[in-house]
């Protein structure tokens, strides 16, 4: 969490160095939060410190290094391949998600405010794999579900736009949804990168070659990444609460 705070501070410094563009994009984003171009611009202007960290984490991982070297892109052809995969595969779930929301990979906004080519690719990669993450954790495209995805992205990347998007979305939430935020932060922490010996291994999402799982069972992706889908986590929490309540009643 301290690292994420450091990256947020770095984002503030980056925004200050590009203040006119940042203020213009931020203002337009507030008035029109579905304006992908301005939201993307804010994300890029505040990203430099986090992007450096993301690149280093990729360089220290075998899969991450391969991704940086080959620089795969998520395109409409990727979606076409996924749509041909049978039910039960990650690709089938991804294709269904994209079809339901009428999304196409080629519709992603290209990176325009990151000068370094490698860092620009890291940012583009994060942007293009966003819908893979939606599919992996089982979230749709409501404001509340988008917040859940952004929280996980923030814990894995430190990109300030993740936390800024969460803060900016709070006024649109109901009281119950606001109360749920504590659970969502807990879930994101449970699914944060983890390489501690004897615990569930969770790689940085930047080091996951999502495309390689399109023709594989969805459960294999979950097993290899160690990520717990949000609905599974909430069911587990509900079960533990019910068990604790039952034990309390029995103890009376």
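The backbone N, Cα and C atoms fix where each Cβ goes, glycine too.
When secondary structure is read from DSSP and collapsed to three states, residue 134 (Zn(2+) binding site) falls in the helix class. Residues or ranges marked as Zn(2+) binding site by Swiss-Prot: 130, 131, 134, 146.
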_Using a 10 Å radius around each Cβ and all protein chains in view, which of these binding-site residues has the most neighbours: 130, 134?_
134
_Listed binding-site residues (131, 146), ranked by Cβ neighbours within 10 Å, top entry_ = 131
*In the same chain, outside 130, 131, 134, 146, whose C-beta lies within 8 angstroms of the Cβ mean position for the Zn(2+) site?*
132, 133, 139, 141, 149
